[in-house]
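Everything on this sheet refers to the single structure shown next.
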Amino acid sequence: MPELPEVETVRRGLETLVLGQEIVAVTLKVPKMVKTDLETFALTLPGQIIQSVGRRGKYLLIDLGQLVLVSHLRMEGKYLLFPDEVPDNKHFHVFFELKNGSTLVYQDVRKFGTFDLIAKSQLSAFFAKRKLGPEPKKETFKLKTFEAALLSSQKPIKPHLLDQTLVAGLGNIYVDEVLWAAKVHPETASSRLNKAEIKRLHDETIRILALGIEKGGSTVRTYRNALGADGTMQDYLQVYGQTGKPCPRCGQAIVKLKVGGRGTHICPKCQKKRL
């Protein structure tokens, strides 16, 4: 699943490709992807001009002025821009024809991606309803708020970080990286974390997601950015996908286990499980 660094990289690519373009026609082949009114989606988008492309957590925000098209890539969604003819592909599901003759295509092998067309004035309420946490930046991701939320919960720390309420944008790859960097076992109850561990989790979340953005995201399975290029963050992953390899910190073999139903990579020496 594209996580915050991948979505931010897609955002930057889209802004380069389609900023200022007018949508002249929309073709939707998988109606279930649109979570707001289908007729409004089909009739309102033509004539709209893409004024900016933003992001909130893992959501892309295509700013159309008074309206915002909120796009979530889910597991394998991606955008491609074709300057003229669009090739046949059974995984192309949404087609945005632009005034300059190009077509922005949404591709999704698993058809899990979603679109919500909402008034810009409703954007805050949209994310509040989903209890989306702050962006992972020093200015918005406050240590004391993070600490209070952790200490009041019995949830294991990995599922807690994944649920998007503590901080927006973490997925399976980057949670494993953050937990390893902070020397925290993924099954540790949130309330049992000490202040030093909480600070490390906070600081490493900011650092690692920023690094992921800098490296253009992780191409682990099928991720490509909007320009069709791979990311390079996979070359900097310390534990995710490194089963059997030596821990970069202590040399112990990385192991893979299941936490909350998710494949999880840890160093059993650096990330000791509490009894």
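Cβ coordinates are placed from backbone N, Cα and C, and glycine is handled just like the others.
Feature annotation (Swiss-Prot): of 133-167, 238-272, the stretch labelled zinc finger is 238-272.
Restricting the recorded positions Lys58, His91, Arg262 to those with a CA within 10 Å of the CA of Glu3 (active site, proton donor) leaves Lys58, listed by sequence position.
In space, Pro2 is the closest of the recorded positions Pro2, Lys58, His91, Arg110 to Arg262 (active site, proton donor), judged by Cα positions. The average pLDDT computed over the zinc finger (238-272) stands at 97.
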